[in-house]
Structures are given as C-alpha cells and as structure tokens.
Amino acid sequence: MGQKRQRGSKSADLQAKKRKKDVSAVEDGEDALVTVNDLNWKEVALPDRLEDAGGFFGLEEIDGVEVIKGGSEGLRFKAAHGKPKKSILKKKAPEEEEPKFDDDEWSGFSDNEVTEKKDTAPKEDQKDEQEADKPTAEEKKKAKKDRQAEQKKAKKEAKQKTTPNQEDKSIKPGLSFAALQDEEDDDGVDVSAWESLGLSPEILTSLSKMKFTTPTLVQKSCIPQILDGHDVIGKASTGSGKTLAFGIPILEHYLEKRRQDLRAGKEEKKKDTAPIALIMSPTRELAHQLAKHIGELALHAPGSNARIALLTGGLSVQKQQRVLAGADIVIGTPGRVWEVLSSGQGLIRKMSEIKFLVIDEADRLLSEGHFKEAEEILGALDRVEEGNFGGEESEDEEKEDARSERQTLVFSATFHRDLQQKLAGKARWTGGDIMSNKESMEYLLQKLKFREEKPKFIDVNPVSQMAEGLKEGIVECGAMEKDLYLYTLLLYNPKHRTLVFTNSISAVRRLTQLLQNLGLPALALHSSMAQKARLRSVERFSSPTSDPSSILVATDVAARGLDIKGIDFVIHYHAPRAADTYVHRSGRTARAGASGKSVIICAPEEMVGVVRLAAKVHANMANGKKLPLESLELDRRVVLRVRQRVDLAAKITDSNIAKEKISAEDNWLQKAAEDLGVEYDSEEFESAQGRGRGRGRGRQERQRKAGEVTKNELAAMRAELKHLLSQRVNVGVSERYLTSGRVDIEALLRGEGNNSFLGQVDPLDF
C-alpha cells in the first residue's frame, strides 16, 4: 500500500506568509532610512533680548523624525508614522535634480485609442445620468408639492394682513446706498472750528461723525506743533481731550503715508511694515480706553485702514505677538510690551523705526521705583545694535535716520515732582512749592531722550490742575464711622454714578460686599482681579443700560485716564497718599466741561495730610484760601436713622469675610500637614497661637468671633436688614398723619424727589 501524502498545516503557511511580509517590511524600512546630512534641518531663531544663550548659537532642529539605532553605520533616521519621506529630506538644488521623464509621452497618432475613448466616455456619462435621474424625479415631485403649499400659505397670510405699511416692509431688504449716504450725512456736525488746525478731509469727516464740534485748548495748542514735527510735552487738566491731541497727528501721518504709497503704486505687505507709533500707559484700563478712542477715530475716517495692536497683561502673549506683526499703532502697558518685544524675533529692530513715541500719564510711568520695564523699552529703542559690519552699514545709517525722525510726545495732568511726595508721615515737607516749567523740563529731559534740545512745553492751565466745573468738599467723621457716612452720602445722591476710591484691595472687597448687603448696585475694581473680570466691571458700570445709581469701588487703578460718561460723584473713602493721586482721582468727574463733585471722608488722623493736600493742589489760587475744600455738614437725623442698617450690614459682611479667611487658612494648614505627614488639630493650633501677645491679637480675636456666627444668626440678621431696607428713612414725619403739612403727598405719588427719605431733606449742595 502506498503511503498517504501528508497535508501541510495551516500554521506553516501562515508563518511563511508572515516571513514574506516581514522581509518586505524590512526592505521598505531600509529604503526609508536616511543619514544626518540628508535631513532638512531648520535653524532655531533666538529672541532679541537673551542675556545668556548658553552656547546654543547656530542651533538647528527638525520635527517628525524617528531615530533608528544601527550597527556599524551608526544612527539613522526615518519619517515618523503618517509623514511622507519627502517632508524630512533636504531639498536638492536645481542642478542636482534628475530630469523627469513623463510616462504619457506623445508617441504619434492612434485611431484605436481615440475611438475607444470616444466610445467609453458617452457610455459612462449615460449610465451616470440614468442613475442620477431616478432620485431627481422624486425630488422634483416633492419640491412641487412644497411650492404649492407655500404659495397657498402666502396667499392666506396676504389676505389676513392688510396693513398700510406693507409696501414699506417689502422695501426694507433692498435699501439703496443713496439712502444710507443721506443718513450718514445727517449724523455729522459742523467742524469748521477744526479747519484752522490744517487737518485732512478724512480726519474732519471722522470728527464730524464723532460729533466733536470744537477743539479743546490742549488740542488747539498741541496738534499744530506735532504736525510741524516738534517734540511736545503737554500738560492739561483731566478730561481736557489729551487723547485726541496726539491721536489726530498720528492718524494724519498714517493717511499721508498711505497717499504716498498709492501715488508710488506700491502696496506693502502688512506683516513687513513697521508700526508708526508706540503709545504706553500705566494701567490696562487706560490702554483699552486709548485703543477704543483712537480706533473710533480711524474707523470713521474714510480710506483709513489703520490696525491697532493692544498689548496688556491678562491676555495671551502668543496672540498679541501675532497681532503685533501687522499693526500700525501699538498701545500697551510697559510690562506686557517689554515681555512681547524681548521674547520675539526682530520686534525690537522693527519697533525702533517708529515715528511717534507717546507716553501718557508720564509722571506715573517715569516716577522712581515704578515701571522698570518702561526704562528697558526706552533704552532698547535708543540703543544702537552692535555687531553689524560691512554691507550692513547702510542699514544702520537708515535706522539712525529713523531714530532721528522719531517724535516724542509726553502728556499728563501732573508733571510736578513735588506732587508725588507723600502727604502723611513725619518726613520733611516741602510745603506748596511747585516746580516751574523749567524744572519740569529738566526732570523729563533726564528721563527721556528727545530729538530736539528744547521740546515744546505746553501748559494749558498753569494756575490749577483741577477741572473748572469740579466742586470739592470734605466730611469729617470718626475713624470707625466711615462706613456710616459713606452710606449716608450715597443716599443723598441717588440716580448718579458714583466712584469710591480706597487705598487697599481688602477695603475694596469689604466695601463692595457691605454696599451690596445694603441693597446698592456696587461693583469692584482692583489689580488682583482677572483681566476679564476687570473689563466686565468697567463695562457694567459704564453701560448706558445699567442702573443709573451704579457704584464702582476701586483702588487707584481707576484713578488715571479712565473716561466714563455720567460719573457725577467721586468719594475718597481714604485720603489719598499723594497730591497727584487726588488730582487724578477727582479728574474722573467734571470731564469735558461738565460739572462734578469730589468729597473726602476724613478721619481725625488724616487731617494733617488733607491740609497739606489742599496747600499743594491749590497753592496758586487767587483767593488765597488755605483750605479751599468746603466742609459739609450732614443731617444728624439721617445719620442716626441709618446707623442700625449699616451696623447689621457690617456684621454680615465681617462674618462672611472671616469665614472665608478661616476656611482658606484651615485648608492651607491641613494641606501643609499632609505634605509633612503630621496630624493637624485645629483646636491645638489655635490654643498654641493664642498664647502670644502682639499687635494683631485684637484683630484676630474679632475675626474669630465674627467667624463663629451661626447660619441661623446670619439669616436672622439678613431678615432684619431686609425689613429695614424696605422702609424709607423717616426724618421726623408722623406716618399716621401724612397730611399734616410737612410732606408733599403729590410729589410722593409721582415719585419725585429723593425716594430714600420720608420727609424734607436738603440736598447736598456745595
């Protein structure tokens, strides 16, 4: 018998197939491997301002490459998974490239190929059309039914709606451009008063649309000097229009440059052009405001396409670097501007070609010990870069010419160094001696490098730094009664936007909660808030649709440059530490010729500083008053009636703040104990902490008692406070006999007068 032939196993076949696949894979992998010299290396660009590069000059990098360890050949490389091999290879020079041969080279005429193509093409087209016709027929039927149904509905609606304005409604979508042009022309105002300044028609059109009929004194004085190419130091009171005084000449230069480019027929790329102006401000809010005002001026100017880059903290650095690439005007705070310039490539070189350097609120930016970054920026702009040789000499000469063409514009309401001296303390006080214009010039010439030896110093109001329509007052009270008098002042001025200034962030947080507990629409603004929260507070406070009685409790962050319409009342909860701070705080009201009030709530220990403040600010007054601040006397009946409300609100606020602080401290101590591997006992820690005697022991004890208030006690206090707030403050009127003659019943029914009081209360006029 013959032996059966054994059948091969499936596993052996699979292994053979796998071997074949592996071999082919290895072969493909060997073809994909390249050496170091074949890779397309890219040079790493270093930042402009790098103190220590650590020897990494000429560093090169490459992405998307896997390293393969070989034998005798050493390291080899291949493209990462999903990337083609061509992406990592060095591009060959044109002479090294091999000639390409086209497979579809023409080799004469062929009748067969043509006929085949002619035959196959229509057949394929017919098949496609037949397949496409089947669904389209059904779709057409459905479309017809839908159209008929819509037509029936339209006829029914047309019969039901027989309104006379039907024709007008049908015209709305197709308004002509002529109608829009007529509306734009009607919106403008007469700007003939601006023509004497020699402005372009585009700027005059923008001013007309923005409804600026006449220029202010600082604008009349500064704009012609800046247009003539002079360096200018402008001093004017708050709210006098300093932003347009330097914004208009900058846009004039931009429009003139744009006209020259159009005449020459060249269109420069936005990314390659250097900015024409750098504007620096001390606060983020002021920078946003400058960008808004100059942006509106550029938006309404026909033919203007100026791009404004806003560089402030709290926002993405990478995004701001991208925006800076094609910007015409750069506005920002010194810290973020220096961070963006020093971390980028070629930005400092590009920024050194600016035509205008504007320093707003210069006394704050250039004061000693503040804004070190501002000095770095000024030094980088004026520094001649070293290391350029040979053919780059012409470039250096051009850049030196660009620096020589740069105009420096400096603006503020207070240039006097004497105003920056602290008012309180036992240090030697220099009295009311205010620096002359010559001394102010010397002070600024030491800080800045002007193009001209003697820049134009324009002082619009040499007698006083305060606005003309501002009324100043002072309320004297005890140190522990400031909350009471603040609430009373706010009741005296309902339906008016009020700005309350404090000297600390903790006071802002406490006062905001206190006023909110008293039923007042209070918002907070301080430097520790996130940038979005800061912008949100300013928008809510300044919005025309917001509560007209809105209150913004802020630190000196809001003291400079913030232009919010409708602020009628400024309250200094703490006396300012320096005279220039008082000038800028009070300048948030009585802007652009309007009237306003500024009141200081003064404790006995602050009286010395307030007297010095008045002597400094009003040293050159013609009437010779030593204390021009008018003393205000509040109705004692009102103060006594509202004391219970304020005490309850203060207890609730202090309890909430104490609970938050204790919880935060416990969480921190508990986390620290866990990290150390130690058991944390809060009672033992408190007993050990209470043994010592110190300055803050009484404060800690009050905080502990406030934190021990239970939820039920808090709820009871809230209910009592709510009941008190629901009633008007009675100032000696019998509620049973309202018609006794002391109350105007008709005015009460009409809602006239001050709705906070029941009875006659004299308004706070001074």
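Including glycine, each Cβ sits where the backbone N, Cα and C put it.
Predicted, not measured: the structure shown is a model, and the values here were computed from it.
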Message: Looking at 280-283, 360-363, 680-683, which stretch does Swiss-Prot describe as motif 'DEAD box'?
response: 360-363
Statement: Which range is region 'Disordered' per Swiss-Prot? Of 1-28, 393-420, it is 1-28
Message: According to Swiss-Prot, motif 'Q motif' applies to one of these ranges: 192-220, 424-452, 540-568. Which one is it?
response: 192-220
Query: If you average pLDDT over the domain 'Helicase C-terminal' (485-635), what do you get?
result: 89
Secondary-structure category, per DSSP, in which GLY241 (ATP binding site) falls: coil
- prompt: How many neighbouring Cβ atoms, not counting its own, are there within 10 Å of the Cβ of GLY239 (ATP binding site)?
  reply: 21
- prompt: Hey, of the binding-site residues listed (THR238, THR243), which one tops the CB count within 10 A?
  reply: THR238
